[in-house]
Amino acid sequence: MSLALGGGKMAENLKDCRVCGKSSWSQLQDLCRLAKTSCPALGISRKNLCIFEVDYLCNYKKEQEYYLVKWRGYPDSENTWEPRRNLRCAGILKQFHRDLEQELFRRSGRRPRVRPPRHLDAALVDFLVQKGRQRKALQRWERELNAKRAHKGRISVENEVDLHGPPQDFTYINEYKMGEGITLSQMATGCECKDCLDDQANGCCPGALLKKFAYNVQGQVRLQAGQPIYECNARCRCSSDCPNRVVQRGISYNLCIFRTANGRGWGVRTLEKIRNHSFVMEYVGEIITSEEAERRGQIYDRQGITYLFDLDYVEDVYTVDAAYYGNVSHFVNHSCSPNLQVYNVFVDNLDERLPRIAFFATRTIWAGEELTFDYNMQVDPIDVESTRMDSNFGLAGLTGSPKKRVRIECKCGTESCRKYLF
């Protein structure tokens, strides 16, 4: 917690306490301090009543090191200048000076000074205020994402590039959202294996459907790209740690949504090592018909965005639209030399027109690397059981419909770059 010592009159207990029923613990503490009342239940006493939390820092004066503080829970009109000795927010102080140095470097093109200037000009103060507000917004968004995720892997958010905040009109979901008139047919039966890996040839789900078992004992996919994956389902007797339950367990790696520095918008990088052939994430969104996808595509063209991924494993009937509903994969960028490969996966639904789209690592991916897949990925149908995989995917901010195959410039920067996405 980022704190500072503040003045003010000692609190008086109130007989009645009325607050919004959905207030968080920290919001209730702020309300107590605003009302200047102590509350033992919330840990607000006469001793800490006048200890306030720093929201962010707005300005700086070199003389005696004074900082203009925006207090959490208080309007800008209540901002106060505080000496460095009053502040107990080492992380916020460090970030404030890092932002200041980076902005000074951006302006001058020279190495930043060891110490900031004596006084900050109005434009620099405005930048620092916007940066402080942005960081708070991104922190809230990060908490919201992690509150909604139904998987082990944690999500972090970072923007050290510009002042863009959280995307608007985006809802995090963990599985497909069915569009109007579309339903999934549930599996009627499941396997009764004691050990699905050992019994794979004797009736486990893939074998019963005359398909190959997809994983090795470490959970790495061993099928050629294009071959379908059939996992155990809700009617199977095997446990949740069955070796044939991989994709359905969800994202297991800690990932970071970050702002790219070369104009590609948001991207995703892994915060830990990912082994070759390991499952990374699913591509989820709203399932719509191809006809509806064409209609929305025309709207997205005018807006300069599109997140349409055709499900054409057997025929082009349905499309995943991740523009407004999706998970981390919504932010994964294109590369002509990707480290993720698409596989069609079936779990509780056997409708081959509605596979789940899973991304597996094509090589070892090291912590800090950006995750990418080929938006125009194609799988040779010869000797495999998949038709052509064609994502019909586009980049935000670029005009033209991928379905029309306009020539969209590629910014992946790899040696094998095709120069154009489509």
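Residue 1 is the first one shown; counting continues down the chain.
Each residue, glycine too, has its Cβ placed from N, Cα and C.
These come from TrEMBL:
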- 52-98: domain 'Chromo' (DOMAIN)
- 189-250: domain 'Pre-SET' (DOMAIN)
- Cys191, Cys193, Cys196, Cys204: Zn(2+) 1 binding site (BINDING)
- Cys191, Cys205, Cys232, Cys236: Zn(2+) 2 binding site (BINDING)
- Cys196, Cys232, Cys238, Cys242: Zn(2+) 3 binding site (BINDING)
- Arg264, Gly265, Trp266, Asn333, His334, Tyr375, Lys411: S-adenosyl-L-methionine binding site (BINDING)
- Cys336, Cys410, Cys412, Cys417: Zn(2+) 4 binding site (BINDING)
- 406-422: domain 'Post-SET' (DOMAIN)
Cys193 (Zn(2+) 1 binding site) and Cys417 (Zn(2+) 4 binding site), distance between Cα atoms, whole Å: 46
Zn(2+) 2 site, defined by Cys191, Cys205, Cys232, Cys236: further same-chain residues with Cβ within 8 Å of the Cβ centre: Gly190, Cys193, Cys196, Cys204, Glu231, Asn233, Arg235, Arg237, Cys238, Cys242, Asn244
Pairwise CA distance, Cys412 (Zn(2+) 4 binding site) versus His334 (S-adenosyl-L-methionine binding site), rounded so that it is a whole Å: 7
Cys193 (Zn(2+) 1 binding site) to Cys238 (Zn(2+) 3 binding site) - Cα separation in whole Å: 7
C-beta crowding around Cys191 (Zn(2+) 1 binding site), within 10 angstroms: 23
C-alpha spacing of Cys191 (Zn(2+) 1 binding site) relative to Cys232 (Zn(2+) 2 binding site), in angstrom: 7
Cα within 10 Å of Cys191 (Zn(2+) 1 binding site) - qualifying binding-site residues among Cys205, Cys236, Lys411: Cys205, Cys236
For the domain 'Chromo' (52-98), residues assigned helix / strand / coil by DSSP: 15 helix, 22 strand, 10 coil
